[in-house]
Amino acid sequence: MVSCSLQLFSIFPFPLFTLSCNFVEKKGEIDKLAEEYISSVRNLASEQRVEHLQKIQSAYSKCKEFSDDKVQLAMQTYEMVDKHIRRLDADLARFENELKEKLEVSGYESPEGRGLKKGEGRGLREKRGPRGKGRKSSDEDSPRNKKLKNSPEFSDSLLPMQPSDVLDMPVDPNEPTYCLCHQVSYGEMIGCDNPDCPIEWFHFACVDLATKPKGKWFCPRCTQDKKKK
């Protein structure tokens, strides 16, 4: 959190509180100048009127600068927070995959599968059906998850939240969407190396990736556009 604040302060010379104070102060100055002009406009010479109006215009311009800085600061803050949220989502998905691998290697047997013969636990899980509201996450079709899903000694109850559960959670309507699926950021995501890519970020499962590829990576849309050229 401290590093985020330092990054913001390095971008903008004034913190948000100072910008707000300067904006209020300048707005008060504009109101005062306007009242003075209205009360004395009949007694002012043309040159004095122009000079007075120029002062008001200059104050308005300064006030607009403060407003623009506040908007830019808010946008930078939002983008920075969103970046850290995506990083946390990626770390959560990586932790989930590591936990799956450890459970598979250790041969953990769930409580419901104890006392059953090998293979019977699998049958029970297949009859029970998928978790969630009937909607399957694209991550479930990956080769790694297919292997884990068919393991008789694997317990779904010990796993962290699945991507399908993430999708079922309430979503902020103002949160930006990404990927070919036009969904919010969740799980592991990869960025297209085309600087002009209109989408930029993609979910691993939506572009058939299980791990991050070596070297540069281009999304299907940018790859197709390059072939057309």
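Using N, Cα and C of the backbone, Cβ positions are placed for all residues, glycine too.
The model shown is predicted, which means the values in this text are computed figures rather than measured ones.
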Annotated coiled coil segment (source TrEMBL; candidates 78-105, 190-217): 78-105
Cys219 (Zn(2+) 2 binding site), number of other Cβ atoms within 10 Å: 23
Under 8 Å by Cβ from Cys197 (Zn(2+) 2 binding site), counting only residues of that chain that are 6 or more apart: Phe218, Cys219, Arg221, Cys222
Cα proximity to Tyr178 (site 'Histone H3K4me3 binding'), best match among recorded positions Met189, Cys192, Asp193, Trp201: Trp201
Residue counts (helix, strand, coil, in that order) that DSSP gives for the domain 'PHD-type' (176-225): 9 helix, 8 strand, 33 coil
Same-chain residues at least 6 apart in sequence whose Cβ lies under 8 Å from Asp193 (site 'Histone H3K4me3 binding'): Lys216, Trp217, Phe218
Distance, Met189 (site 'Histone H3K4me3 binding') to Trp201 (site 'Histone H3K4me3 binding') (CA atoms, angstrom): 6
